[in-house]
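*Asks:* Okay, so TrEMBL annotates it like this:
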type	residues	note
DOMAIN	B:56-169	domain 'Nicotinate phosphoribosyltransferase N-terminal'
DOMAIN	B:339-443	domain 'Nicotinate/nicotinamide phosphoribosyltransferase'
DOMAIN	B:454-565	domain 'Nicotinate phosphoribosyltransferase C-terminal'
There are 2 protein chains.
Amino acid sequence: MAAAAAGSGGANGSAHQVGAPTNPMATALLTDQYQFSMAYAYWKAGKHADRAVSTYYLLEFNTSNCRFDLYFRKNPFGGEFTVFAGLEECIKFVANFKFTEDDISFLQSVMPMCEDAFFDYLRKTDCSDVEVYSIPEGSVVFPKVPLMRVEGPVAVVQLLETPFVNLINYASLVTTNAARHRHVAGKSKVLLEFGLRRAQGPDGAISASKYCFMGGFDATSNVLAGNLFGIPLRGTHSHAYVSSYMSLDEIPDKSLKSKDGSRVCKDFVSLVTEWLQKIQLADSSCGVFGETNQSELAAFASYALAFPTNFLALVDTYDVMRSGIPNFCAVALALHDLGYKASGIRLDSGDLAYLSIEARKVFRTIEKEFNVPAFGKMIITASNDLNEETIDALNKQGHEVDAFGIGTYLVTCYSQAALGCVFKLVEINSRPRIKLSEDVAKCHDGFQVSIPCKKRCFRLYGKEGYPLVDIMMRESEPSPKAGERILCRHPFLESKRAYVVPQHVEELLLCYWPGTSNKPRVELPSLEEIRGRCMQQLEKLRPDHIRRLNPTPYKVSVSAKLYEFIHSLWLNEAPVGELQ
Amino acid sequence: MAAAAAGSGGANGSAHQVGAPTNPMATALLTDQYQFSMAYAYWKAGKHADRAVSTYYLLEFNTSNCRFDLYFRKNPFGGEFTVFAGLEECIKFVANFKFTEDDISFLQSVMPMCEDAFFDYLRKTDCSDVEVYSIPEGSVVFPKVPLMRVEGPVAVVQLLETPFVNLINYASLVTTNAARHRHVAGKSKVLLEFGLRRAQGPDGAISASKYCFMGGFDATSNVLAGNLFGIPLRGTHSHAYVSSYMSLDEIPDKSLKSKDGSRVCKDFVSLVTEWLQKIQLADSSCGVFGETNQSELAAFASYALAFPTNFLALVDTYDVMRSGIPNFCAVALALHDLGYKASGIRLDSGDLAYLSIEARKVFRTIEKEFNVPAFGKMIITASNDLNEETIDALNKQGHEVDAFGIGTYLVTCYSQAALGCVFKLVEINSRPRIKLSEDVAKCHDGFQVSIPCKKRCFRLYGKEGYPLVDIMMRESEPSPKAGERILCRHPFLESKRAYVVPQHVEELLLCYWPGTSNKPRVELPSLEEIRGRCMQQLEKLRPDHIRRLNPTPYKVSVSAKLYEFIHSLWLNEAPVGELQ
């Protein structure tokens with residue numbers, strides 16, 4: 001159906017009150033318009049809550065009247081794993097799902113053809129009789145296996161489709177992207193998320209910071225994300241800060257107390273210039289330290305006076321090796337005289353491999369020459385348009401970078417900007433439903449076929465502790481048991497099957513929103529705990545599933561019973577014509 | 001500098017209160033952490049508001065103490081134009097810029113090394129002495145020309161860098177993407193934004209809907225965006241709706257009143273099945289209409305009963321030509337008997353060119369055979385992973401699609417997920433600043449060089465009404481005048497220059513936030529007005545700048561005076577060494 005907003009007054013942007021934009025998460029209107037159309041059509045046909053109005057169906061399991069699975073079809077970024085994220089936001093959405101009178105008025109204005117009683121129905125609607133089962137957030141997941149199962153009255157569950165897919169899609173994508181960056185950088189490197197300015201909107205940036213931390217980053221530059229989620233904050237100054245200075249005369253207060261408080265250096269700037277002369281004459285200059293840029297020196301000295309305990313300088317505003325490095329070393333050595341330890345440098349342009357190696361050489365020479373312990377271990381941060389590929393290339397070349405600041409490519413998921421999560425009806429009134437595709441080839445390998453009915457999902461672990469295979473089973477089947485042989489079949493290809501004897505069995509879908517059922521509710525863990533789960537799960541994965549080059553696909557299977565069930569249904573439900 | 005959040009308690013996701021996530025736009029914390037570090041360093045050095053504390057500088061023009069330009073370096077999507085968007089959000093941000101006590105406490109916890117007086121300074125900080133000049137939102141813009149100029153105390157303006165870049169970057173990118181889709185689809189097609197489920201977070205989706213409308217889309221599926229911005233809403237039902245039905249028996253109330261209210265059809269479903277038999281026997285079946293899918297027929301009939309005035313059916317759940325089309329036609333013809341007019345169909349898979357042509361043939365044959373006026377003009381909507389390229393390919397093949405529903409590729413800007421907006425210091429205390437790059441090649445073509453000082457920017461129009469060139473000039477120069485010859489120079493290449501005699505001159509930067517100046521404030525236009533400007537500006541552009549294949553770059557120039565000024569500054573400020 002099509003409906004235009006009533007009047008054109010609403011199209012005035014200024015009606016959107018300055019300073020108080022509506023919080024998109026705080027309203028049940030965050031969905032596609034057709035979901036309301038369908039809700040109305042279900043309601044009109046008396047299908048919206050079959051328990052109440054229809055005695056037509058045999059309620060075989062006496063449960064809610066529809067089930068939807070949320071899953072994806074293909075791992076992103078050419079990889080063979082995905083990290084599941086966004087669950088907490090979905091549960092919050094469900095917890096707050098309620099229409100205000102303003103929402104109802106708006107819906108009435110855009111759906112004038114709907115009966116009033118439908119809006120009364122919406123007024124009473126919430127998610128109290130919806131059940132949400134989910135794989136824990138931060139788990140490593142694979143295509144076709146349901147990440148979530150949502151049960152309840154079809155009209156309500158249908159309204160959750162769009163927000164759930166929205167909340168899971170980007171969250172899982174960017175967490176996976178972060179995990180991939182962590183994998184290529186290695187455990188010992190510090191990873192900093194610098195994406196706020198390039199993220200898709202303010203909220204996109206907040207999500208990015210949260211999920212990059214979840215996927216293995218150490219800190220963010222985003223202050224609001226730091227405040228909301230307790231993520232450690234990191235950053236240096238910008239080129240503009242350096243350009244804002246002209247000369248050392250611009251520093252009004254040149255005094256700096258020593259770290260132990262025992263003495264005051266009245267002219268820190270003179271101490272810096274003395275050091276600069278010393279290193280220009282010293283062996284460490286390697287003959288390249290000529291006259292350095294005075295704006296830059298002033299900016300560094302001024303920054304050190306403000307942050308003597310955290311002096312980290314951006315050294316590429318002018319020329320890294322001729323100006324940035326000697327200026328930085330002069331300030332760092334002056335700080336050292338007063339008992340402080342400089343943090344390090346950031347490189348934001350040029351050949352990062354070469355510059356980091358050259359900078360390291362200078363730091364080491366200074367350590368020896370002026371007997372400054374640990375000066376050679378100065379932290380070198382790199383941050384110019386980095387991504388998985390450039391870090392991999394840096395690793396292959398060799399470099400001396402300790403920390404990577406990553407923005408655009410990380411938070412926009414530049415190399416693949418969306419994960420194709422879908423939300424498919426798998427059962428209604430205890431009758432399984434299957435969605436076949438127009439495209440025969442896609443049906444053949446099961447790419448576009450949903451796996452019908454309510455399923456239980458398990459991960460089977462082998463002797464070495466690696467997960468071997470995920471298996472989906474019918475509700476009524478007994479769970480797989482450790483030490484017992486079980487047949488795992490490819491969901492669509494007859495010939496692909498294998499017996500597995502698991503050493504350990506993990507049930508995947510847990511109850512996070514019990515609705516009116518009496519099931520115990522699993523509590524949402526903290527962000528730190530989710531991050532821990534993610535790191536641990538990636539560690540447990542067989543390395544060939546996670547490697548960058550030609551990773552091995554992880555196997556996803558169905559039980560023999562589910563296989564037979566799918567295929568009998570497929571024969572019955574296939575489109576008219578010769579498709580099967 | 002580096003700072004970790006105080007304690008680990010904050011890292012608990014559940015501290016982020018369920019149902020009331022903080023609105024990212026409502027807090028001045030939405031910035032990079034290093035911006036606060038710099039604000040402190042500026043404050044500490046007495047540079048934060050030079051007017052107040054420093055008499056050191058000659059305040060040549062007696063204006064605010066720093067100027068930043070916001071601009072981008074390269075048009076996105078391989079094109080030669082960009083649409084500027086996001087201004088309204090920036091002005092809202094400025095209007096609400098204020099730190100709460102909670103914000104201050106948080107900042108104190110992560111920056112424990114800063115003096116208390118700095119936080120007192122932040123408490124008093126707002127944007128009352130900041131001035132914002134901008135190109136009007138919805139304008140077509142080009143690289144290097146400032147989109148915005150922000151003036152004011154350096155510590156405050158620096159805090160605006162990250163949010164401004166964030167708010168402009170995605171807004172301009174997705175508006176440009178929408179405009180490109182509009183261009184390739186042509187004016188006569190209906191463009192529907194279906195991106196909510198694939199957008200980067202809920203707020204990303206709201207922004208996408210707003211800016212796609214701005215860039216030329218006709219409607220969105222996003223109900224919340226419809227509510228917030230008055231954008232028309234559109235949508236059909238989903239495959240799940242079709243799968244949720246098994247047979248025609250499931251429709252409890254089969255009666256339908258005729259459109260004029262004069263009679264009631266007691267069994268609409270029988271009317272539908274009668275029509276289905278008729279068309280199966282008729283010439284229009286072209287021999288392909290055999291037995292159709294009964295689930296689908298039930299879903300369509302039920303949907304028509306709910307929306308008799310807006311019946312639009314998704315016809316590809318099973319088989320478009322064998323099942324979807326005949327089922328749709330049967331329901332549409334039954335509706336027609338009762339005085340209603342069906343809206344049309346949606347195709348979401350398969351060969352869209354072929355299927356739309358075949359469907360159109362059937363509709364036309366039915367129009368003739370059963371004498372149903374305008375049945376052949378039934379609206380055909382297509383919606384399967386469409387983007388600029390696929391629409392272009394469809395156009396080349398020939399198709400009968402009237403409306404395109406576009407999601408993932410549109411809202412995620414899949415082919416280029418970020419626009420590289422930058423915010424560069426161009427003047428401090430009336431002294432021009434220039435940022436050179438480590439990379440000589442980038443300096444050479446001016447790619448990484450900022451154009452210093454406060455500038456006025458003009459667009460010069462030619463006889464045919466097309467814009468010819470944008471020109472940046474020094475503040476002190478007289479404005480270009482219609483009919484008067486003016487020299488336009490390439491900003492960096494000596495040999496590139498041309499005289500232009502404009503027929504019309506447009507000043508680009510207008511005052512949207514006057515701060516403490518007495519300049520008149522330009523009011524923010526409505527979304528409809530901005531959309532109108534965008535459509536009009538694209539229409540005015542010379543077609544070769546906007547074409548998909550090998551578009552001609554639009555020229556951006558500087559005045560002779562500004563050229564000389566930049567190059568004298570470049571020589572003076574270039575890095576030590578042989579760079580120049």
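Cβ atoms here come from the backbone N, Cα and C positions, even for glycine.
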*Asks:* Counting by DSSP secondary structure, give me helix, strand and coil numbers for the domain 'Nicotinate phosphoribosyltransferase N-terminal' (B:56-169).
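*Replies:* Split by secondary structure, the domain 'Nicotinate phosphoribosyltransferase N-terminal' (B:56-169) comes out as 44 helix, 19 strand, 51 coil.
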*Asks:* Treating G and I as helix alongside H, and B as strand alongside E, what does DSSP give for the domain 'Nicotinate/nicotinamide phosphoribosyltransferase' (B:339-443) in helix, strand and coil?
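*Replies:* Helix, strand and coil residues of the domain 'Nicotinate/nicotinamide phosphoribosyltransferase' (B:339-443) number 39 helix, 21 strand, 45 coil.
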*Asks:* Across the domain 'Nicotinate/nicotinamide phosphoribosyltransferase' (B:339-443), what does the mean pLDDT come to, as a whole number?
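*Replies:* Overall, the domain 'Nicotinate/nicotinamide phosphoribosyltransferase' (B:339-443) comes to a mean pLDDT of 90.
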*Asks:* Across the domain 'Nicotinate phosphoribosyltransferase C-terminal' (B:454-565), what are the DSSP residue counts per state (helix, strand, coil)?
*Replies:* 24 helix, 35 strand, 53 coil
